[in-house]
Amino acid sequence: MAEGLERVRISASELRGILATLAPQAGSRENMKELKEARPRKDNRRPDLEIYKPGLSRLRNKPKIKEPPGSEEFKDEIVNDRDCSAVENGTQPVKDVCKELNNQEQNGPIDPENNRGQESFPRTAGQEDRSLKIIKRTKKPDLQIYQPGRRLQTVSKESASRVEEEEVLNQVEQLRVEEDECRGNVAKEEVANKPDRAEIEKSPGGGRVGAAKGEKGKRMGKGEGVRETHDDPARGRPGSAKRYSRSDKRRNRYRTRSTSSAGSNNSAEGAGLTDNGCRRRRQDRTKERPRLKKQVSVSSTDSLDEDRIDEPDGLGPRRSSERKRHLERNWSGRGEGEQKNSAKEYRGTLRVTFDAEAMNKESPMVRSARDDMDRGKPDKGLSSGGKGSEKQESKNPKQELRGRGRGILILPAHTTLSVNSAGSPESAPLGPRLLFGSGSKGSRSWGRGGTTRRLWDPNNPDQKPALKTQTPQLHFLDTDDEVSPTSWGDSRQAQASYYKFQNSDNPYYYPRTPGPASQYPYTGYNPLQYPVGPTNGVYPGPYYPGYPTPSGQYVCSPLPTSTMSPEEVEQHMRNLQQQELHRLLRVADNQELQLSNLLSRDRISPEGLEKMAQLRAELLQLYERCILLDIEFSDNQNVDQILWKNAFYQVIEKFRQLVKDPNVENPEQIRNRLLELLDEGSDFFDSLLQKLQVTYKFKLEDYMDGLAIRSKPLRKTVKYALISAQRCMICQGDIARYREQASDTANYGKARSWYLKAQHIAPKNGRPYNQLALLAVYTRRKLDAVYYYMRSLAASNPILTAKESLMSLFEETKRKAEQMEKKQHEEFDLSPDQWRKGKKSTFRHVGDDTTRLEIWIHPSHPRSSQGTESGKDSEQENGLGSLSPSDLNKRFILSFLHAHGKLFTRIGMETFPAVAEKVLKEFQVLLQHSPSPIGSTRMLQLMTINMFAVHNSQLKDCFSEECRSVIQEQAAALGLAMFSLLVRRCTCLLKESAKAQLSSPEDQDDQDDIKVSSFVPDLKELLPSVKVWSDWMLGYPDTWNPPPTSLDLPSHVAVDVWSTLADFCNILTAVNQSEVPLYKDPDDDLTLLILEEDRLLSGFVPLLAAPQDPCYVEKTSDKVIAADCKRVTVLKYFLEALCGQEEPLLAFKGGKYVSVAPVPDTMGKEMGSQEGTRLEDEEEDVVIEDFEEDSEAEGSGGEDDIRELRAKKLALARKIAEQQRRQEKIQAVLEDHSQMRQMELEIRPLFLVPDTNGFIDHLASLARLLESRKYILVVPLIVINELDGLAKGQETDHRAGGYARVVQEKARKSIEFLEQRFESRDSCLRALTSRGNELESIAFRSEDITGQLGNNDDLILSCCLHYCKDKAKDFMPASKEEPIRLLREVVLLTDDRNLRVKALTRNVPVRDIPAFLTWAQVG
């Protein structure tokens, strides 16, 4: 198909050559057609000619319509105008077209249909004469001239695909029917609008105009012919023109206007068409427009969107009479010196002429060449044309109108350099010609028929005028315009819609501001660098301090009115804005790199400081502009944090480092610089906070209530703006903190205030709590630090580094607790050695070994173990009661943090019950003080820490309601115990309030109910904490129901939680909470009631599941009493919820509430027994070495074999005894001959490790030790396995004696005892593996001991050694004369002699069970 279409292709220059030869003889189109078809084709090719378009040339062969007789009606206008050539159907006025073009110039891009009104005016003879002097110049195929501000959009396509060609042919076939109808309308209208021949004869080029009129009428009727078809005798063109080869490429045939000849193809779309004719012409052009997109050359610099702009959607009768009159006035007035008026009429708007000389305007080389040619060729133009001064006068206005334009110009790769006076200082801008006006098709729409678009002349093929001289530099702006030069942003604003897609990687895409100003016009570094900027059309100006108006291309570009839907327009604007933001960030990255290089130096010079200040100022402007342009983009890119890190944090740290450096010459100057930087940062973030509120239309005061969950959803921009505002406040707090540190002061009140404000804006963010914890660490308030670190971990976006901070805090607390305990011991004893002489605390082992001394300390002694108090509770109570409230509060805080340190680190949990007991004792004494040393806020912090301990210790991978870890149960038990003490205190205070109300005379009438207003102050301090804990219990019922295993506490400290709650419920029912009415629904005269504890704990993850129902009260009511009324209401609901549980804990019986909660131990036994019986049959693979040896000896072979084996056993025993005696003698000799140091073992029995014989022979004694609750019984797993084997016995042993059956029965009882105790989760009973791992249950007790060395005795001894952690720095004395002291908390209970010897050699205390019971005074 391409070959067939190629046969009908013809060049525009060939047509002009033929017409130039045949015009004097005959002007008929038939002769011209014959000559064209008979002309041979030449082989020389041009690299920049347009590829032949399928479907365009085929229309040339269609039959031509005859020229209507009325085609000369407009010739009288040509005589007066000298710039306009004949039009096809002269019925359409030109003035209206021009007027509408002017209107579109001010409002946006000119539609391509409006261009045709200007395309239809050919040039006069004077201009044609000048065009003959342009000759051909040598061009490079892909030469591209750089134009500032112009960016290639997409890669040009070389040719259309076969599918596209078929689609074009289908469209051409459809055009034929429509053009037939158009021909009829054209013929009728041309007859009706025939111009006066008398006026045509007055024009020197009248004959040519008529010929051109007829020819163009024929070709436009077809819609696609060769546009450059007419000849002019005055041009002197030779008869033969150059034919181009197959590979030649041509430019677009849809030209806007031509200056070459009256017969140019620019007259193809005349303004003289009737309304029907113009409408049909526009429809035809619209259907042909897709072919333009395929005429893209690789060497072209045109954007693909230039063709897209030429595709108008609605091409109806849009040329009003007003537009035609406006166009006629502007064009006809050019000959009478109205150029200046036209320039004034169109000033302030981007004006571009799309002639070749105007398109080359922005290139310095092109402009210089054009000015040289303008100076050297006016005479030649006159002599060649043979015209007089009248033509020269007509030519000058034409040049003035065409020579100037404003805007960003895009030159094709091989655009002709014009010889017109584009560079003339008196040339005025062409009024009707806008960016999308006459010639909006860009460089691709220019053909090769006009002299101003060609670098060569067929008459002078060897002459290259465009390359003779060097051109002067082009100016971007109009110098003759009477308005101020257009700024970079304005030019981009008028041009922006021309580039719909900005995805190219062309580095020339970003414009440069003409003149000496920089591309980024920052005002520099000064204290007040944020003045109010102008308005840009999308975002108001006051929010852009110190910035130029944003580029029109990005934020305020006029878009094509008919080519994009509103959604596409929005997306288009979004894409452009995203590109601007990315550009800003790229510039900021470059500035930050320079700033980092400056900061990396060891010393910074004064010039470096000034450069640093300038870079920081630019960074602040760039980052602030990004935040104010698109807050969502800024949040996704972390612009807020990058701003703080790059512009402030690294500079502050550098200055702080320099201030601390002793080698710095002038530290005071650096300190002053640091303070100035901090002051500047404070001003900047204050300003940014205000701009955020104004830009995104919100007020910070409306969101400072501290609510994490709001009833109405926030707007997306407000949500992101609040997050940015919170970060600004955190930065303000950091700046205030740095200022205090730089000034060597510790008043962090201002920083704390900023952090609290930030916390109120977004309570779910963990960063403000982390910063508040830092301040607490600086001021040595450890409870506040632990509280805020836990809040930062229990946030929706936690700060994970707080975990390490908590670990270090708890380690420090542990050291302080140990020091406090040691101090208490020293106060109790007169000297460190006095405690050794007490009869209860000293047990001296007497034996032959004089170098070994064991010091046994009874648990009742004050130094018995870590965390335990004296056995005399009354003395201890008296000791706590004698302390002042402040000292008692300090001691309680230390014990409380020590207990939670064990829960958090899970280290040292064996002493947790003792520490918890101490905490509860001190807390109980604290609550008795009035007023309470613990305020409302401090009490809320204590409850919050208890909630976090339960929340943090829950199983992460278990979602079953019944699964709770041991740590979680212990944490819940501690929290519930403190809650019960708190409730018990509230019950007492309520009774006091009732008595006070009865005694008051004004309340005699209402004696049954307790008024909320009569609450004592201490009760008002405690009610918020009780309410918060009840909220947590309602949100997480699985953590306390069924009730956790209670701690082993003394009777004076242990409190039944549920009985206490029942008593509290009974007294609470007498409280009248309706003293202030509460409402659920909002109203005009109501206000929302927010409790202080709810606001303080908002965003705390453990409380997010708690019910949060809004409550409203009257505006005139007392808010304090209303808050207490709400608390009482919530507590009543909570107590009723306890009665409504699936397994109720409270019940209403006999007119009062009672506790029906099950006993935790009993419930644990039931659950554990079921688990134990289920797994009992699985423990069949127990290996017991000693039992197998004894059973084989007793049950296999005859009596002779037994006697033989016993004899061997006795012989081996004698040998072992002899060896032991020998070793003892050797040891004695060695000890006598060596200077041996005495060893002291300080034994504080806490962990008791019995062996298998202990359970068989002394099970009752072990039970008594366990019931004493003073020791922890540790059972090695190998002992349990041995007991299992003994309890099951040997199935093949039918001759077992009575002793074996007795052993089997005792072993069975021992197993039952252990299972029962483990199932009840006895805190004083544990199982231990051979590797030292503690087990809370023995449901799974199989252990692989294949890799262990030694027998079962060695495994039992290894369990004891697990609790012997000797460190040389702890037991080695400073002098050689002092004995070595070892601390032991474990005691091995066994009667086995071999095991006792092994224990002694490893310095493990060992006793038999009866002796230990006697010493411990148990039973």
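Backbone N, Cα and C define each Cβ position, glycine as well.
Of the candidates SER389, SER870, Swiss-Prot records phosphoserine for SER870; the remaining residues carry no such annotation there, which does not rule it out for them. Same-site candidate for Mn(2+) binding, as annotated by Swiss-Prot with ASP1353, ASP1392, chosen from ASP1124, ASP1200, ASP1201, ASP1251: ASP1251.
Taking Swiss-Prot as the reference, the stretch among 163-193, 876-906, 1279-1309, 1310-1340 described by the feature coiled coil is residues 163-193. Candidates SER424, SER565, SER831, SER932 were compared with Swiss-Prot; the annotation phosphoserine appears at SER831. Note on SER394, SER865, SER874: Swiss-Prot annotates phosphoserine at SER874; no matching annotation appears for the rest, which is not proof of its absence. Checked against Swiss-Prot, the residues THR416, THR479, THR851 yield a single entry marked phosphothreonine: THR479. Per-residue pLDDT, averaged across the region 'Interaction with telomeric DNA' (114-503), gives 45.
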